[in-house]
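Have a look at the structure below before the remarks.
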Amino acid sequence: MVEVTGLVLAGGAARRLQAAHPGADKGLLPLAGRPLAAWLIDNLAPQTSSLLISANRHLDTYRQLGYPVLADHFPDLPGPLAGIHAALQVCPTEWLAVAACDTPFLPPDWVARLLADTVPAAAIPAPSQHGSPVVTAASGFQARDPACATAPRTGHPASPAKPSRIAPVVYASDPEQPHPLVAVLHRRVLPSLEAFLQGGNHRVRQWYGGQGAHTVRFDEPNAFMNLNTPEDWQQAEARLARGRAWHASVHPPY
Ligand SMILES: Nc1nc2c(ncn2[C@@H]2O[C@H](COP(=O)(O)OP(=O)(O)OP(=O)(O)O)[C@@H](O)[C@H]2O)c(=O)[nH]1
């Protein structure tokens with residue numbers, strides 16, 4: 001089994017929450033009574049062999065969640081790539097699985113589903129036997145997404161055939177849009193990421209594009225719901241309350 005380290009990204013400024021919650025640190029705001037980052041830890045811990053938290057404020061509070069906390073090495077919150085960079089510098093495994101702290105409803109097996117797209121080239125059937133493993137874009141947004149080098153393997157012959165290679169970055173998408181901060185990255189990308197950030201760049205999908213990133217599609221509805229505003233929080237609380245009500249109806253306490 002491929003060993004992978006999880007990274008909960010909670011180092012952002014949470015600007016959209018500041019009007020309602022001045023000084024808010026998003027990962028520490030409660031959802032159904034628990035810090036938002038704790039929901040991501042619950043999701044990632046069973047899927048990974050070690051776990052890191054990326055934060056730039058309230059580091060001691062984040063440490064109380066039970067995992068090492070890393071601050072960015074680049075100043076002024078340049079964006080999530082800075083958190084990924086700090087994590088790759090200490091990542092003890094070949095692969096890092098990254099999730100933003102504001103996506104509390106991720107599928108329980110998303111890491112394995114992304115890693116399945118990183119199989120070594122040697123494990124992919126040779127073109128002469130089974131057709132080329134090279135794949136083509138399959139949906140509208142993928143065709144528009146500059147970071148999307150290829151789509152899920154189709155097994156259909158492509159013309160002209162190109163040599164396959166292991167994608168060092170694979171990220172999730174759903175039928176509506178890509179989700180670049182639900183991703184697995186191989187640690188060999190660190191030098192490239194460091195050079196990108198040192199050049200004053202910060203755009204996630206611009207850098208992914210340079211890595212030949214793949215995307216894997218997920219069809220679960222609302223799995224990537226993202227909490228940015230107080231209204232998002234209300235929707236998430238209501239969703240959890242509906243889930244609890246459903247659970248109580250299926251498993252009554254008598
Ligand atoms: N380490 C680190 N993480 C960041 C940084 N900026 C954003 N993030 C994280 O990346 C994820 C997506 O961030 P955004 O939605 O762009 O920013 P945000 O801070 O969550 O919220 P807004 O400021 O309202 O956009 C979140 O998990 C953030 O905590 C950064 O500069 N450093």
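Yeah, the Cβs are placed from backbone N, Cα and C, and that goes for glycine too.
Per TrEMBL, these features apply:
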- 6-206: domain 'MobA-like NTP transferase' (DOMAIN)
- L9, A10, G11, K26, D72, D102: GTP binding site (BINDING)
- D102: Mg(2+) binding site (BINDING)
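Feature annotations (TrEMBL) mapped to structure.
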| residue | record | DSSP (3 states) |
| --- | --- | --- |
| L9 | GTP binding site | strand |
| K26 | GTP binding site | helix |
| D72 | GTP binding site | coil |
| D102 | GTP binding site | coil |
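When the binding-site residues D72, D102 are compared by the number of other C-beta atoms lying within 10 angstroms of their own C-beta, D72 comes out lowest.
Counting only residues at least six positions away in the same chain, the Cβ atoms of S54, P80, G83, I84, V98, A99, A100, C101, L181 sit under 8 Å from the Cβ of L9 (GTP binding site).
Summarising model confidence by region, the domain 'MobA-like NTP transferase' (6-206) averages a pLDDT of 82. Note: A10 (GTP binding site) has non-local neighbours D25, K26, G27, L28, L36, A37, I53, S54, A55, Y62, C101, i.e. same-chain residues 6+ apart with C-beta under 8 A of its own C-beta. Around the Cβ of G11 (GTP binding site), 27 further Cβ atoms fall within 10 Å across all displayed protein chains.
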